[in-house]
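S.K.: Pasting the relevant annotations from TrEMBL:
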type: DOMAIN; residues: 144-336; note: domain 'Peptidase M28'
type: DOMAIN; residues: 402-624; note: domain 'Endoplasmic reticulum metallopeptidase 1/1-A TM'
type: DOMAIN; residues: 642-871; note: domain 'Endoplasmic reticulum metallopeptidase 1-like C-terminal'
type: TRANSMEM; residues: 20-46; note: transmembrane segment
type: TRANSMEM; residues: 376-393; note: transmembrane segment
type: TRANSMEM; residues: 405-427; note: transmembrane segment
type: TRANSMEM; residues: 447-465; note: transmembrane segment
type: TRANSMEM; residues: 486-503; note: transmembrane segment
type: TRANSMEM; residues: 509-528; note: transmembrane segment
type: TRANSMEM; residues: 537-558; note: transmembrane segment
type: TRANSMEM; residues: 578-600; note: transmembrane segment
type: TRANSMEM; residues: 612-632; note: transmembrane segment
């Protein structure tokens, strides 16, 4: 055995010298600028839209989507103003405009085309569940306008859907007027072609989506053309403008994604968006649910998500849209409609099924493959990224390499843990001192408030490991140590990828792309033999980090753009600071994980961490002590992007009856819905008169005694979850209301009674039915089954939301109640009937108007009037 060579250390070895592999401070700031530059580039690409075509372009492009014509239709809908279901604006003005537009299109169509129009007025009911609570949704005389462009094979149809109703107080230019304008233009273009499409195309303009998707249910369950539909495109919005994103597809119909890949010129689609939506992280739903669940029809769900601040507010108007937005959406929808209307799958009784992974790369290209292929790709990339880079270390001792790989893995894991701790600590402290949502308008503050602390945590972990974990006897150069530590980062993302894949999440492709870029870098370094060079391997690494950083910063930008506005309708019970802190910590890890191993190459990391700390302190000062940290803006402060605070205020009159129907008591006041973390502070500062105070909903006496607190619930899930408030006040003016007249009782058997009622009044209303102890609701006339009851305040009750479109006649309701022991009058059931008046401004009293005027200009207030009637039986 040859003698072991001993290393002799001389005094010169102890002298402080610069390692040639070390990096100066310029490299650090260059790396940060590199990351920020990628973020700015992806942000720019996200807002880039195609030029809009005008009528002047018709001669050159006769079969193209013309945004200018769609814009004229949108203007007509926008100028009508808010159009809640049941209002004159929705049921007459908007509906008649759409009918006339379709008639104009029919008059100008090509002689070869056959266009049919049907005016559907529909009544129905269904049960729906969300957030583990179920309710019954009932609609009466809501309107749909259905247009059928007959194809050569008319028995198979593609459905395009939009809704023309809006929420109260919003003109709904983006949600969903723009979609209806796009559909009108698509219909116009297709109807002027000299040749019919292979399959029929049905255009559904539905008039009651904002009221829990009711009109779409009426079409898919009752319309005579519904049985022809084989696929659908649903056009929606949860923002105002920007690019439309494909966020739901199928389910389990990969041929739809194939059509998207063939047809779409401007892709914006991600599987992770579908998984986020299906996890319930976005507090909305779409007509996709009705077509999927009740029609068993596959389809695709599109929505605009930019500027979600304006969603369901007065700012959802044409002033904040552009022709380019309509052009991009129209180009994509027209191309996809043409493709699907000609495809073979639409005529198949059993088209191919299976799950698909799909995504675009910053809008430049679109990728899709099967979930089975995805699992194989993820596994292969993960394994190769953990093993292949090790080949480049040649004859270096494996123990030294493995030690540095573990260093990189440990640094990434503990960096992630401590970055989460650091960010959530900052979040809780900001919330504690009353500085919540300072980033709401100025989202760049997130970089200083949370991304910098996250980056600091990673730096400190690496510095700590460098001091206490580094091996001074290693044969690896500093550059080789860094490359080995990056293999440790590969191991981390490989484990994340494999865990996501194993759990069935198709979004495992996100870290897989990072691994693929790192694997390509290692492979090129190996082929070029640059792994042992002084600097060239870093250049190769940076080149392949460019697509990785574009990929990662694009996700950060999209998630910030999506979730920051959502915190404005998050409710006040959950701390939005923690949510955004976790998002920032995740984004920092995603963007910077492959740059962190270079911390060990810095000549002076202390200077870098000190400057990062200074940026964090500066961001805290700006957030807490300057106007930049004020969360909200109106149009005068930032005309391009108003960011209002939302408020729902209901002037309420409550009437209590005894068990024989006689008047017992009444009261009145203002019911405030807490939409975000700052709602209560705003109301108390600006609205509540001196000497008076808000009462939290759950502390009201009626909440302890009455079903659902005897409050004007209209959206069961939001109002049950949120911390709402009550302020006593004078009675509202009410000139009409929904009534539920008790007609009598039938004894069905010794233990079952049927209660009979007559329901009158074509106004938006709700009924809450709460069987008392020992009593069960076993049947009713609303549905063929009784959905599970909702639970609130420790008591179960059945919630029925009722929407009226066109006025109708009185209708009967029966309730079948079963009990074990005989019950006296008043011991069977509690019933609460709520009438909700949206956009009934003539009912606003002077007191109510004065209260509404107290809200600041940056508040978007949705006023309503309500009557709540309670009686036991």
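Every residue, even glycine, has its Cβ placed from backbone N, Cα and C.
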S.K.: By Cβ distance under 8 Å, which residues at least 6 away from the ends of the transmembrane segment (612-632) in the same chain are close to it?
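M.R.: Counting only partners 6 or more residues beyond its ends, the transmembrane segment (612-632) has Cβ contacts under 8 Å with 426, 430, 433, 435-442, 445, 447-449, 452-453, 455-456, 459, 643-645, 678, 858-859.
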S.K.: Residue list, the transmembrane segment (578-600) vs rest of chain: Cβ under 8 Å, 6 or more residues beyond ends.
M.R.: 23, 27-28, 31, 35, 38-39, 408, 411-412, 415-416, 419-420, 422-424, 426-428, 431, 439, 446-447, 449-451, 454-455, 458-459, 462-463, 466, 470, 478, 481-482, 485-486, 488-489, 492-493, 510, 514, 518, 541, 545, 548-549, 552-553, 555-556, 559-560, 563-564, 567, 570
S.K.: If contact means at least 3 Cβ pairs within less than 8 Å, sequence distance 6 or more, would you call the transmembrane segment (447-465) and the transmembrane segment (486-503) in contact?
M.R.: no
S.K.: Could you tell me what the rest of the chain brings near the transmembrane segment (537-558), counting residues at least six beyond its ends with Cβ under 8 Å?
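M.R.: Cβ under 8 Å, 6 or more out: 34-35, 38-39, 41-43, 45-46, 270, 272, 361-362, 479, 483, 486, 510, 513-514, 517-518, 520-521, 524-525, 528, 530-531, 587, 590-591, 594-595.
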S.K.: State the non-local partners of the transmembrane segment (509-528) in its own chain: residues 6+ outside its ends, Cβ under 8 Å from one of its Cβ atoms.
M.R.: 271-272, 357, 359, 374, 377-378, 381-382, 384-385, 388-389, 391-392, 483, 486, 489-490, 493-494, 496-497, 500, 536-537, 540-541, 543-545, 547-548, 551-552, 555, 590, 593-594
S.K.: Let me know the model's mean pLDDT on the domain 'Endoplasmic reticulum metallopeptidase 1/1-A TM' (402-624).
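M.R.: Summing pLDDT over the domain 'Endoplasmic reticulum metallopeptidase 1/1-A TM' (402-624) and dividing by its length gives 92.
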S.K.: Excluding the flanking five residues on each side, which residues at least 6 beyond the ends of the transmembrane segment (486-503) place their CB within less than 8 Å of a CB in that stretch?
M.R.: 374-375, 378-379, 381-383, 385-386, 389-390, 404-413, 511-512, 514-515, 518-519, 541, 593-594, 596-597
